[in-house]
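Scroll down for the structure; my scribbles are underneath it.
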Amino acid sequence: MPVVHTCTYCGRSIEPGTGLMYVKNDGSVLWFCSSKCFKLWRMGRDPRKLKWTERYTQLRR
């Protein structure tokens, strides 16, 4: 049974067979729905400041 994950950065659901799994040196696993989310996370951008993320909408409610 395929597992549907949520994007660590934007909060959207990731369909099976898509996305990017990033494993940190401490063993924690981060899931990203697109290279856009992965690159923004690597640059240190705050997802709460981007209007298209789920974290932004949760903060503004």
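Every residue gets a Cβ built from N, Cα and C, even glycine.
Copied over from Swiss-Prot:
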- CYS7, CYS10, CYS33, CYS37: Zn(2+) binding site (BINDING)
- 7-37: zinc finger (ZN_FING)
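Listed in sequence order, CYS33, CYS37, PRO47, LEU50, TRP52, THR53, GLU54, ARG55 are the same-chain residues six or more apart from CYS10 (Zn(2+) binding site) with CB atoms under 8 A from its CB.
The record gives CYS7, CYS10, CYS33, CYS37 for Zn(2+). Within 8 Å of the mean position of their Cβ atoms, the other Cβ atoms in that chain belong to THR8, TYR9, GLY11, ARG12, ILE14, GLY19, TRP31, PHE32, SER34, LYS36, THR53.
The C-beta environment of CYS7 (Zn(2+) binding site), restricted to residues of the same chain at least 6 apart in sequence and closer than 8 Å, consists of SER13, ILE14, GLY19, TRP31, PHE32, CYS33, SER34, CYS37.
DSSP assigns CYS33 (Zn(2+) binding site) to coil in the three-state reduction, outside any helix or strand. Around the Cβ of CYS37 (Zn(2+) binding site), a 10 Å sphere holds 25 further Cβ atoms from the protein chains shown. Confidence across the zinc finger (7-37), taken as the mean pLDDT and rounded to a whole number, stands at 96.
Of all the Cβ atoms in the protein chains shown, 21 others lie within 10 Å of the Cβ of CYS33 (Zn(2+) binding site).
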